[in-house]
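A quick write-up on the structure given underneath.
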Amino acid sequence: MLPDNEPAKESKTATNPANDQAGTSSDGNSSNPTEQESGDMAEVDGGNVNNDEDSDSDADTEVGAPQDAADSSEEMDTDLDSDSDSDMSAVEESEVETTEAREAIPVALPEELAELMAGREDATDDDDVVQAILRAREKHREHPPTIEIEDGVASLSLHPEQQLIAIGTFTGDVAIYEYSNENCELKNTHELHMKAIRDIQFNKDGKCLVSSSKDKSILVTDLETGKLKNAWDEAHSSPVNTLYILDENRFVSGCEEGYVKLWDTRQKEPIFSTQVMVDIVNAIISTSDNKHIAVACGGVISTIYTNAARKGFVQSEEYEHDFTCLGTIRSDRKLIAGSAKGTMYVFNWGEIGLHTEQTAGFKQPMCSLLAVSDSCVVSGWEDGKIRANHFFPHQNLGVVGQHSFSVECLDISNDGKIVASAAAAGGHVKFWNIKYLEEMEIFCKRQKKKKYKAENNLPSSKVRNAADFFTDML
């Protein structure tokens, strides 16, 4: 079968005789002076007519030689064209074979590309891309899909018993989603605050939502009906930045002016109020017995008793950089504090004056911290990465996942297998399956010689390590 551009080649070959004629005419013109010279010499010498005939025969001989050369050149051009035609046909046949071979290779598309290409209008059922997308969709997912929020994600909280997630937005609304490995379904939306939500938490039994906002208010909302059960319009004199749930009725709040208040949903007034420092309260945490709480405010950490009869608090040394997040490990005997410097400090609970140990950071602010086991913590950083660390022995395990902006929100599911995260400027919530951390934790506890690189991408990460490029070929 001839290629489509074959007629063009024939037209190109048809132009060669014209070139040959042009070459012959030029040769003939070059032979005319020879005839004139021979004629003139015959007239001058008075020779007979045979000289003219001899000159004519000589001229014919001279003209005939270029004609033979033109014929041979035409044959060479024809041979070259035929050779080029055969070469082009061979190249095109090889290209067709290569294309068929490429089409025969199965295409493995990532989940995001499959979701992006799902809306193609020009796709058909026979399209290889569509078939690859369908195959990617059928692939088993180990974590829920990403949730897109148009109004942005300001805070999030996972239900303590059910597979529900509450997402607070920058417009003051709260969206309730039911999540699974297959999809995430919107169950309800509550319009609660006038301004952006700063923090949102489920209470211990999961029946109510406690939310704080930039409008200085704190609201307690029934999860099923969406009705307000309690409302404090002026809970603080400044925006309420953080919340911590103690039990079904009590919770603690902290504002941008350094005040910490203990609330009971059965009362209108707070149980107590105290100012730790004239700085923003970034994090609040407590132990399982809820006897006293730890507060990160500016560059100090303070412990406050939750019993109103025992007023006062113990404060640590003031550090040069702010503490941004808190977490507890080792059966609540150790307090982990993340800083704006990127260093994690370890305190003994009850001995908060000065840290006992510290881990090397990444020279950038740590934005959030979440204890996922008794020895492992997951932290969100300003560069958009979520990293895992093991304590006792201290070791950086690697990168759990990535965002485009700083990770401000982290929470863990009731079964301890899924971590939800959200970036400060991103409008989506991502989920990460961290079940593999249990095996890595066992290796660390046994003090194996295996060491994990700080920037090593863990199985939940969507970015692969350069060293894993050839693993599929084994």
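Cβ atoms here come from the backbone N, Cα and C positions, even for glycine.
As given in TrEMBL:
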{"type": "COMPBIAS", "residues": "1-12", "note": "compositional bias 'Basic and acidic residues'"}
{"type": "COMPBIAS", "residues": "51-61", "note": "compositional bias 'Acidic residues'"}
{"type": "COMPBIAS", "residues": "71-98", "note": "compositional bias 'Acidic residues'"}
{"type": "REGION", "residues": "1-103", "note": "region 'Disordered'"}
{"type": "REPEAT", "residues": "190-231", "note": "repeat 'WD'"}
{"type": "REPEAT", "residues": "233-273", "note": "repeat 'WD'"}
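Averaged over the repeat 'WD' (190-231), the predicted model has a pLDDT of 94. Each residue in the repeat 'WD' (233-273) gets a DSSP state, and the totals come to 0 helix, 20 strand, 21 coil. Across the range of the repeat 'WD' (190-231), the DSSP-based residue counts are 0 helix, 23 strand, 19 coil.
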